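J.: A single structure is presented below for examination.
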């Protein structure tokens, strides 16, 4: 149309305007409001075209919010409604990234459940239609949480150490603690991020109020936590000293310390803790125990008595009391001194002892009220004092004197005895040489007689006019200075008795003599007689001590000459002179005779008799036939040869010594039978053994039978064969046969060891087959630890290729050819090589795997495979190809290549190839994977607007791992997953032509559609 032929009519919500221009400015509109705008072309004759309409908004006004309130978990935002219209508000909170959409009537909003002590920024956006206007960020903070209660950890004279629990729910927030401490003289503030603080440089004995406040973001503070009237410890008092001491009191004074002090606490401990309180700087402690250590401390206290400063301490003793009532227990080298302390305690006692004549002094230190002085000289007078010490104080007793007791003389020795006197002597008492005024008092008395006394200044004396064979008791004691007596020394001795009369000795038996005599003159009832017997070489062989006038000497050797002596004994050391006589014993007969036979001899042995024997006679008797043999007195055996096997013989021995001889009793025995012949096994099964043997030589059959012994049993038989049955398989049996003759005597044994046959192996099978090895396993009935197994392997030509022997029920045969058939024979062997029936199986070894397997994709449904021939290849080999993943197939072929068709498009296929030997056994599988090509998909444009295009497509056959959607001319490539079937390109330019290409992708392959063109 020619521009001169038309104009435009513009209609708004409330007005209509006409203009020649193809634009129009609407002014004086309300902000944030929608306006309907309609434009028509007005032609000649006023004809109007159809209208073109649109709805547009004016932009809304910007509103700046304010923070009207806050707590530890919320912030309240308020604002004033702007001019014009607002359809809705969007309130944005950061860092929580919270966006709250609000209607146009709202003018405030509270954000709750916020973190304490955090800074938050708020932005308010007004929204009308597609337009919005955002305010500037307004930053504010929540109030921080207060800390936990304040705890006092420690106090000193110049510091208070505190701690508190961290303000809760403040982790990650920026905050610190404001500490305030005040007293009557000062007030201070401290900032810290720690949860403890040591307030230092404080005044001693002063009270402080302490508070802690959490200060968070923007300086906002929490509620304050307080603790009141915390008092520092007072300082230590100065110059604590003692000013006086008695046995029951101590006085002290001191100087006031710096800082505040309200009073002083005085404490002292002896046996228990005692304390007192004063406002003065001096104090006397009364009512103490004498000689006792006391630790005295003074501490300043401020505000309250429990608030004590550190103690200043000193220690001392009270003066001790004077010891008294000294007593003594006297010994020869010791004085045990005892005393009494009237009251109180001591640190220790020092006891002094001295003797001027000996130029001797000594002392003893003790905490007890007794002490012992040792190593003193006996019979001396000593001066004693006792001093009590308590710390640096002491008190000494009055002096006393005590003497030691004299020592007794040495042991009494009787130096000479007769039948009427005793000469005695003793040693001078130890340590009493040169001691003045020493004499000895001697007393002696016979049993039942009167006591007699004498004295001597020497250390010996003679007691005479005594009775013979009589016991006298003698005592001697030392008399020392002060008429103190020693203990007595006592000893006893007999005078000598007279000898026996008319001694006679005569034989009683082969081993004893009889001895008789008359009493000595002056015999006493307590006399004893010592009888000693000596052999012919003079050696003492028997002694006895009796009270009778006769005795028997036992346990002598037969046929031996002995001498006998007799002495009278009144007591030990009191014996008469010796009387002596002689006699012989009777010889002894042989008793221990043994006769041991062989098959043709009898060996006779005996034990030599005790005493004297001149010779032995040996007599052998069989069925009345006698053989007599004489041997010397040192012979203990003889052998009779050339005898008959299995016959009874009797033996007797005659002993001779001088004119005497003795006959033994008869001893009978038999010769042994001859053994049977060699054992021969006739037959064996798994549970029996049949064997036989030859008859013994030179013996009649009615004189013997056979004893057959096996592992567990013994059998007696007249036959020369035996069948052992019901035996376990494969077991060894020791078989022994002896001839049993007269008296049950047995010949030497004939033995053999034989096995029952083992059971053959069962369940012989393979457990693993490889290309060059076969592992066999089998079971063995009634298996034995001694079993071994002979494994033999033959090939298809029956040629032995391997043999081995194993001790277990499995074996691995190696070095076999791959893909070949072998026969495996297993035979059970016992320890001696006895064989079971063999067991045989046949198996093929596995062929080797193929190599260089390659897969080539042909199209969307077919892949070509090829590979190289296996090692040790055989003409009868086949190949099995298994397909999975994109289809499930099994193909068997002889060639080395195959095309697999009918596969799923766009799918990852797995192909596994194995070699099959003649019996179907397979070698190791070799696998590879390859994708089929995906199908091509042609997209369509299903919708469009002035700023978008929507592309759709149908999922193709098979699989697609992902799609690539290409848009031009924007050169936009969008990658999409396999489940997507449409996509909208947005934010495009209006009225533009766009082309789309859709590419399907699976693995390394892709397929692109043709270009599809449309426009916005």
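Note that Cβ sites are derived from N, Cα and C of the backbone, with glycine treated the same way.
Because TrEMBL annotations are produced automatically, they should be read as predictions rather than curated entries.
The structure displayed is predicted, hence computed values, not measured ones.
So TrEMBL says this about it:
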- 59-145: domain 'Fibronectin type-III' (DOMAIN)
- 146-235: domain 'Fibronectin type-III' (DOMAIN)
- 236-322: domain 'Fibronectin type-III' (DOMAIN)
- 408-499: domain 'Fibronectin type-III' (DOMAIN)
- 586-675: domain 'Fibronectin type-III' (DOMAIN)
- 760-849: domain 'Fibronectin type-III' (DOMAIN)
- 933-1016: domain 'Fibronectin type-III' (DOMAIN)
J.: Over the domain 'Fibronectin type-III' (146-235), what is the model's mean pLDDT?
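T.: It averages 92.
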J.: Write out how many residues of the domain 'Fibronectin type-III' (760-849) are helix, how many strand and how many coil, based on DSSP.
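T.: With helix first, then strand, then coil, the domain 'Fibronectin type-III' (760-849) has 0 helix, 50 strand, 40 coil.
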J.: In the domain 'Fibronectin type-III' (408-499), how many residues does DSSP put in helix, strand and coil?
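T.: So the counts come to 3 helix, 43 strand, 46 coil.
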J.: Could you give me the DSSP helix, strand and coil counts for the domain 'Fibronectin type-III' (146-235)?
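T.: Each residue of the domain 'Fibronectin type-III' (146-235) counted once, the result is 3 helix, 45 strand, 42 coil.
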